[in-house]
Amino acid sequence: MNDNLKSSGIMLVISSPSGGGKTTISHLLIDELQNDLVRSVSVTTREPRDGEVNGKDYFFVTEHEFINLCNTDQMLEYAKVFGNYYGIPRKFVMDNITTGVSVLFSIDWQGAFKLIDIMREHVVSVFILPPSMEELRRRLYNRSGKSDIVKKRLGEAAFEIDHCYRYDYVIVNHDVEESVHQIKCIFTSERLRVQRRILLKQFIDNYIK
């Protein structure tokens with residue numbers, strides 16, 4: 001890409017029902033777009049687990065520090081889960097996208113909708129569907145082996161899938177490599193949008209002189 005016509009980063013939001021392939025696809029995207037895409041790092045008040053690194057897995061803070069971040073508008077969104085706070089730090093996201101690096105969010109539809117509502121101009125959202133509900137049933141059964149859990153997960157999946165209409169793109173994950181390829185195409189084209197071209201006016205003014 002011409003150094004005089006760079007693009008800002010995007011907030012790439014990926015969702016799918018459990019067993020839809022979201023996690024695998026996200027890992028592959030990070031591996032293949034490593035110079036242009038980073039995984040979102042959340043802030044949390046929970047204690048670090050063995051092997052977790054501050055600033056890589058999470059930003060670990062006290063509850064007092066977390067509340068202060070919220071009160072000073074430094075969190076894009078946050079929630080309390082099982083007694084611990086989790087949130088998306090505004091500075092981490094904006095520092096990346098303003099320098100041309102995109103941020104990947106592998107989240108459920110509720111988190112996706114929150115980001116769409118507050119950061120619409122930066123968000124590109126993709127919902128991943130399993131090849132079929134029968135295939136999803138097979139995957140879930142292979143994971144748990146318990147029919148009652150599978151039945152519950154399938155019900156949850158149908159509810160989640162019903163929210164796909166608000167996403168920018170919907171992909172049926174017949175093949176992981178093909179799904180990754182499709183999302184990489186989306187990624188490239190979205191970063192080439194006029195509104196994401198940094199210093200475009202200056203570039204054009206010099207171009208037509």
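Note: Cβ is positioned from N, Cα and C throughout, glycine not excepted.
Model, not experiment: these values are computed from the prediction.
Taken straight from Swiss-Prot:
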type    : residues                                               : note
DOMAIN  : 9-188                                                  : domain 'Guanylate kinase-like'
BINDING : Ser16, Pro17, Ser18, Gly19, Gly20, Gly21, Lys22, Thr23 : ATP binding site
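Those same-chain residues not listed among Ser16, Pro17, Ser18, Gly19, Gly20, Gly21, Lys22, Thr23 yet with C-beta within 8 angstroms of the centroid of the ATP site C-beta atoms are Ile128, Pro130. In the three-state DSSP assignment, the secondary structure recorded for Gly21 (ATP binding site) is coil.
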